[in-house]
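Annotated compositional bias 'Low complexity' per TrEMBL: 7-29, in sequence order. The annotation domain 'EamA' is assigned in TrEMBL to 37-173. Among the features that TrEMBL reports, region 'Disordered' is placed at 1-29. The annotation transmembrane segment is assigned in TrEMBL to 38-56, 101-121, 133-150, 162-195, 207-230.
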Amino acid sequence: MSSSPGASSLEPEPSATPSSPAGARGPASASGALDGTGMALVIGCYTLWGVFPLYFHLLSAAGSVEIIGHRIVWTLGTCLALIAARRRWASLARVCRTPRLLGALTVCGLLVSVNWLVYVYGVNTARTADAALGYFINPLVTVALASLVLRERLRPVHRVSIVLASAAVALLVVLQGSLPWISLALAFSFALYGLVKKRIGPDVDALTGLTVESAVVAPIALAYLSCLAWQGQSAWQSPDRAGRSWLCSWWPVRSRPCPCCSSP
């Protein structure tokens, strides 16, 4: 994600040059406007996320960690197939040979895996409202990081809207009566993911980024899935063919929003 939804409404510092990340987007970015393509990607991304809980009910036979394990493995396999079909090995090799990019994508892979593990856990334990609240809090955290770390400047109207949104979120938390750890984990993990992607956005295309992010956590996923299979506790070993089919189809459902978020 080269810039998260919350950060897109921020105004860069006047000192930003055309060669800098803040100035690279041209007049539209300088005026705080979100172009049509960016808006379409944001809407598409969050629409897909909104319907995911319906899909997760089809995977109820598998635990949250197993679901994420399958997501990682199937996504990596598909990304490698696409890399081969598009002959993008040179781009992948360049990223892997660049410590800065490889390190950043490793962090991204860990952050997004934690994000989705918490999200799936929340949905599968009937805490979908907490998961949804996390994505209300996320833009506020994103704006805070953009302002504090990237030194992007807020307009007065943006400040007012953020205060109102923060008050609404605070009210929801108070009414809930307990610390919404699921919401906070989702909000901060995804905001940090967006911050790292913002830093490397122009240097890594969406497909290559998703491939590396999946590859760095694939050994963990494979080890866990293998352990489940060895113990005979894997949902993959169940006689339910439909369940296995849904686990296989998890990669296109899950991976679809990632290029939307990663598009520079």
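Glycine is no exception: its Cβ is also placed from the backbone N, Cα and C atoms.
Sequence-distant contacts of the transmembrane segment (207-230) (same chain, six or more residues past either end, CB-CB distance under 8 Å): 65-66, 68-70, 72-73, 75-76, 79-80, 82-83, 86, 88, 91-92, 95-96, 102, 105-106, 108-110, 112-113, 197, 200, 236-237, 255, 258-259, 262.
When DSSP labels each residue, the domain 'EamA' (37-173) comes out as 120 helix, 1 strand, 16 coil, counted as helix, strand and coil in that order.
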